[in-house]
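As given in TrEMBL:
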| type | residues | note |
| --- | --- | --- |
| ACT_SITE | 153 | active site, proton donor/acceptor |
| BINDING | 12, 382 | Mg(2+) binding site |
| BINDING | 19, 211, 212, 213, 214, 215, 286, 287, 288, 331, 332, 333, 334, 335 | ATP binding site |
| BINDING | 96 | substrate binding site |
| SITE | 184 | site 'Transition state stabilizer' |
| SITE | 244 | site 'Transition state stabilizer' |
Ligand code: ADP
């Protein structure tokens, strides 16, 4: 039962960071505090800010005592939260979990059986799932009896038609889970929801959302539901990303393994960590660095990125049978006007045309006057979406 002053904590545990947001349960989605421990296992740094963006904490450890693993990092966060909770009770904790497998299409209350089930999915997302689960285990240990809710990046895509999700392999591969799952689902769900509130007619139509951050993907939505996405079995597929390759001919990998003797670890390192904008430019994974650089490799990396994203907009418009709106979101999508302009250039055949002044201002609607397809810029809020899911699940379980 949610009481006045109760808080919901949202935890997003990644490979080397734990991000958190604390919400007043009655004022979701406006977070009271947000922060993170980054650099876990290397040079950890804890930072936190309040709702107005004022920095409340910024700590590094030079003389020992640094959190060495996820459990210790969470202890740092909890220790800090204790000072700002001011008598609030943490009523529930929501966790971002990358993989819900083929069956989990909605958030779930975590118990030992669910943990076991999610653990079994680790082989589908070995670089992310174990860290997500470590976050849940550490939170459950610190807050015994507080409901822990797992929210999945894959869940929003679970209603795809078989044609969209299968690979062209014998059916037994699909049956054992080798299929296209799609990710960034919490972000797409948030965008679908916010569009339904601000522009219900558009939300009911055919919308392509481009989530362009360090991780990047695009989603085709019809009437607020995902019908296809550029990410597949893993979060490696689709468009190039900060350090990930995006789609690559599997024949290239066979060639690298057969001719260069690369093993699984070497291929994994290349595709996840040394490809994408960083690998192509040799400079940085950050669009801001590349835009500021005079090195031709930086310009080349950005050109390729824009080309591939534009191609996927076209592919997803084809999957939808047309397009009523293109929505840009996440770090690059929300802030990089020149990248948006370059992606949209050449999409006039889909009715897409951007107004340069509105685009430069990161306006919410950057469509040129008279353009038949709307082009929107929306901030995403995965943590706010998780907090909403947590409350909805608590309310449902109270009624049951
Ligand atoms: P994550 O996937 O880690 O959540 P974000 O959605 O925060 O990432 O996106 C981070 C990326 O957004 C940065 O690496 C950078 O490339 C890009 N970005 C952020 N702000 C800007 C900006 N003002 N101009 C251009 N690119 C930006």
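In case you wondered, yes, glycine gets a Cβ from its N, Cα and C as well.
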In sequence order, the recorded positions (12, 153, 184, 244, 382) whose C-alpha falls within 10 A of residue 214 (ATP binding site):
244
Among 19, 211, 212, 213, 214, 215, 286, 287, 288, 331, 332, 333, 334, 335, which the record lists as binding ATP, how far apart in Å are the two most distant Cα atoms?
22
Chain-internal residues, separated by at least six, CB under 8 A from residue 382 (Mg(2+) binding site):
12, 96, 186, 187, 190
Across all chains shown, how many C-beta atoms besides its own are within 10 angstroms of the C-beta of residue 286 (ATP binding site)?
16
Using CB atoms and a 10 A radius, I'd like the single residue among the binding-site residues 12, 214 with the highest neighbour count.
12
For residue 153 (active site, proton donor/acceptor), what residues in its own chain, 6 or more apart in sequence, show a Cβ-Cβ distance under 8 Å?
96, 97, 98, 99, 100, 183, 184, 185, 186, 235
Just to verify: the residue among 184, 244, 288 with the fewest other Cβ atoms within 10 Å, which of the recorded positions is it?
288
If you measure residue 212 (ATP binding site) to residue 244 (site 'Transition state stabilizer') at Cα, how many Å is it?
13
Any idea what the Cα distance is from residue 286 (ATP binding site) over to residue 244 (site 'Transition state stabilizer'), rounded to a whole Å?
13
